[in-house]
Structure formats: C-alpha cells, structure tokens
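Asks: Dropping the structure in here first, questions after.
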Amino acid sequence: MGYSSRFCRRLNGVKPALVMVVVQIVFAGMNVFYKLAMNDGMNMMILVAYRSLFATAFVLPLAFFFERKIIPKLTWTIVFQAFLCGLFGNTLAQNFYVASMHLTSASFTAAMANLIPAMTFIMAILCGFEVLGFGNVAGKAKVLGTLIGISGAMLLTFYKGVEIPMWSTHALHIHHDDHGGQVSTSGKRVLGSLLAVGSCLCYATWLMVQTKMSEKIQCYYSSTALMCGMGSIQAVGFALCMERDWTQWKIGWNIRLLASAYSGILASGLMVTLIAWCVHERGALFVSVFNPLMLVLVAIAGSILLDEKLHLGSVLGAILIVIGLYFVLWGKAKELKNMLKLVPSKSSRKSEIIQVIVTSSANVTTAGNSNTVMTRSSTSDEIPQSIAEENSSSTTDSSSNTNDRLEVNPSIITIAC
C-alpha cells in the first residue's frame with residue numbers, strides 16, 4: 001500500500017512533464033503532416049481553412065456542454081478582440097507559417113518558431129506592457145536572450161554551410177513538381193525567413209490581445225471557440241479569394257483529410273486544452289521550456305521520413321535560438337521570483353499590527369492635549385470588530401465634542417482580504 005501511494009505521488013509529480021512531451025510530439029507530427037500535404041499538392045491556404053473548421057467543430061460542443069451557463073454576455077469589445085485573435089493567432093500566423101515551410105523545410109520553420117518569446121518581449125516593450133529593466137539582472141538576461149535569438153535567426157537565414165549526413169528511409173516522401181523553380185534557393189531561404197518572422201510577430205500580437213480578452217471573458221472553452229470561429233470565417237474567406245478552383249477544395253480519404261483533421265482536432269483542440277492544464281499546474285514558463293523539443297523531433301522526423309537535408313548553418317542557428325530562448329525564460333523567471341518576494345504570504349497576513357492614533361483637543365482646559373496611541377495585534381477575523389468598537393466609541397465622543405477626530409494612518413493599517 002505504501003509503495004503504490006509513493007508511486008502515485010511520483011506519477012502526479014511527473015505528469016505535467018509527460019503531458020508536455022506528448023504535446024510536443026503531436027506538434028512535431030503536425031509539421032510532418034503539413035509537409036506531406038504540401039508534397040501532395042494541397043493548397044496551404046485551404047489547409048489552414050480546414051484546420052480552423054475542424055478546430056471550431058471540436059471546441060464548440062465543449063464550450064456548450066461545460067460553459068453554457070456561466071459564459072458572460074458578449075459585448076462588442078469582446079467580439080472585436082476575438083476577431084483580432086482569430087486574425088493574428090490563426091489566419092495570418094498559420095498562413096505565414098505554412099508558406100515559410102513550403103519555401104524552406106519543416107525543421108527550419110520549427111527552429112524559427114522559438115523566436116516567439118523574444119518577439120513577444122520586443123512587442124510588449126513597444127506597446128508599454130513590459131519595462132526594459134536593463135538595470136537589473138533579469139532585464140539584461142531578457143535583452144541578451146533576444147539579441148542571441150535574433151542572431152541565430154540571421155545565421156539560420158544567411159548561412160547554409162556543409163550538409164550534415166543523416167539517415168533517410170524515404171518512407172513517406174512524396175515527390176512533387178516545384179512550381180517555384182524560378183526563385184533561387186537563397187531567395188527562397190530569405191523569403192521563408194521573413195515569413196517565419198512574420199508568423200512569430202503575429203503570434204506575439206495574438207498573445208497580447210488574448211491577454212486583454214481573458215480579462216473580460218474567463219471561460220476558456222468559450223473564448224477558444226469564439227476565436228476559432230472568427231479564425232474560420234477569416235481563413236475560409238481568404239482561401240476563397242486566393243483559390244477558386246473547386247477541385248482544390250475536395251478532400252477524400254487521403255493525406256489531405258488526415259493533415260486537416262490532425263492539425264485541427266489534435267493540435268488546435270486537444271493539445272491547447274492540455275497546455276492550459278499545464279499552465280494552471282506549473283505556469284507558462286514551464287510550458288515554454290519544452291518548445292525546443294519539437295525542433296529536435298521535427299529535425300529527426302524530417303530527415304527520416306521527408307528526406308530533408310540538414311546543414312551546418314541550420315544546426316548552429318537553431319542552437320543560438322534555443323540559447324536565446326532560455327535566456328529570455330530565465331530572465332522572466334527571475335523577474336517573477338522577485339515580484340513574488342514582495343507579496344506577503346498567507347501566514348504573514350494572519351496577524352497584522354494596527355495603530356490607531358486618537359488626538360483629542362476637547363479637554364484642553366482641564367487635561368491639556370491628550371495623545372493616545374493604541375497598538376494591538378489581531379487576526380483578520382478580529383479586525384472589523386475591533387475597528388467597529390473603536391469607531392463607535394469615537395463616534396460617541398464626537399457627538400458631545402465636535403472637535404474630536406480619529407486619525408487612521410492608511411500606510412500602517414493593513415487588513416487581509
């Protein structure tokens with residue numbers, strides 16, 4: 001019995017880590033399915049549209065069954081914020097991402113995705129949500145990590161280097177006609193890098209808008225369904241404007257349907273729910289630490305299954321991006337730790353010292369000025385009663401003496417909520 005209880009405790013301790021490993025495996029599989037759908041000739045804008053539709057169809061019933069009684073009233077502000085979340089977090093970010101993958105490789109875009117924390121830090125400073133704080137260690141670490149990550153992205157873009165021999169099985173590699181042959185390889189790499197950076201910027205913008213939206217609507221499934229619904233309308237409308245060949249919209253029991261359903265239901269639906277649970281259990285920094293795992297998995301899967309070539313520049317750039325990521329995360333963790341030190345613990349808030357200074361000037365002729373300082377220690381449950389008694393006595397005195405007054409120092413009195 002003791003052994004089983006210890007095993008259960010250890011299992012509960014490592015459960016968030018195991019969940020995040022599963023999440024990164026699923027995301028790595030999404031990148032592989034994206035590339036396979038591209039190689040099969042599927043239009044990427046249509047793939048993003050189908051992914052949004054599958055995600056909406058998956059999340060909407062969850063929101064109806066679990067939150068239909070607690071969802072707040074929708075306002076125009078919430079609807080507009082959901083529109084922006086769907087635009088930046090789904091339509092633009094995903095279309096830029098798949099376009100970058102089409103021009104480069106799955107491992108390249110997975111490496112560039114690790115720039116999101118650095119991009120979020122830059123945009124938060126520009127929008128006034130974050131302070132640079134270069135005078136402390138945490139601020140220096142975040143700035144240094146951002147610069148290292150950007151340097152890694154530039155190295156990944158402009159330096160190719162020698163090819164690193166990797167094993168390949170050609171198991172899932174599907175040959176396709178390259179319609180972009182008129183663009184040089186270096187030109188594709190630069191354009192793919194710009195699209196990947198644009199995807200990171202859009203995702204960072206979505207994070208900030210989503211933070212503001214979560215202040216007004218705290219129903220997780222409902223807000224996700226609202227964002228996915230907005231993103232579906234935008235993605236489908238954008239794909240219809242760019243691709244009017246209805247044969248491209250037809251999907252059967254093939255890799256196109258599998259890629260759309262996998263990315264919509266698992267990646268956008270189930271995995272987002274698991275990530276939210278991990279954030280609740282361990283925090284956002286814990287979740288972010290596992291992001292480089294997807295890069296390693298995508299690089300291995302791309303080499304084995306997709307016959308992608310791995311070069312020295314890609315490896316060195318990816319290493320710099322990951323180092324920069326951990327610098328930014330360490331700086332943020334240090335900053336949060338310093339902030340938590342300023343917040344009193346629950347045990348320290350049990351007992352508070354209250355100083356009430358009563359100055360009476362009514363009996364000047366008989367006893368002179370009387371300054372009485374009362375200091376007492378009481379728990380948060382006793383505070384209202386003690387203050388009420390003292391206030392009632394002071395009120396009685398003030399009814400007979402209009403010059404009496406009760407002075408309470410707000411910087412001294414602290415009542416635990």
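Any Cβ shown, glycine's included, is placed from N, Cα and C.
The following feature annotations were taken from TrEMBL:
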COMPBIAS  369-383  compositional bias 'Polar residues'
COMPBIAS  391-403  compositional bias 'Low complexity'
DOMAIN    17-157  domain 'EamA'
DOMAIN    191-329  domain 'EamA'
REGION    369-405  region 'Disordered'
TRANSMEM  12-34  transmembrane segment
TRANSMEM  46-66  transmembrane segment
TRANSMEM  78-98  transmembrane segment
TRANSMEM  110-129  transmembrane segment
TRANSMEM  141-159  transmembrane segment
TRANSMEM  190-209  transmembrane segment
TRANSMEM  221-240  transmembrane segment
TRANSMEM  260-279  transmembrane segment
TRANSMEM  286-306  transmembrane segment
TRANSMEM  312-331  transmembrane segment
Asks: What residues elsewhere in the chain lie close to the transmembrane segment (78-98), defined as a C-beta under 8 angstroms and at least 6 residues from its ends?
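Replies: For the transmembrane segment (78-98), the nonlocal Cβ contacts are 34, 38, 44-45, 47-48, 51-52, 109, 113, 195-196, 198-199, 202-203, 205-207, 209-210, 212-213, 216-217, 223, 226-235, 238.
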Asks: Return the stretch with the most CB pairs under 8 A relative to the transmembrane segment (260-279), choosing among 12-34, 141-159, 190-209, 221-240, 312-331.
Replies: 12-34
Asks: With the transmembrane segment (190-209) as the reference, find which of 12-34, 46-66, 110-129, 221-240, 312-331 contributes the most Cβ pairs under 8 Å.
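Replies: That would be 110-129.
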Asks: Which range out of 46-66, 110-129, 312-331 gives the transmembrane segment (221-240) the most CB pairs under 8 Å?
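Replies: Checked against 46-66, 110-129, 312-331; highest Cβ contact count belongs to 46-66.
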Asks: For the domain 'EamA' (191-329), how many residues does DSSP put in helix, in strand and in coil?
Replies: 120 helix, 2 strand, 17 coil
Asks: Averaged over the domain 'EamA' (191-329), what pLDDT does the predicted model reach?
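Replies: That stretch averages a pLDDT of 85.
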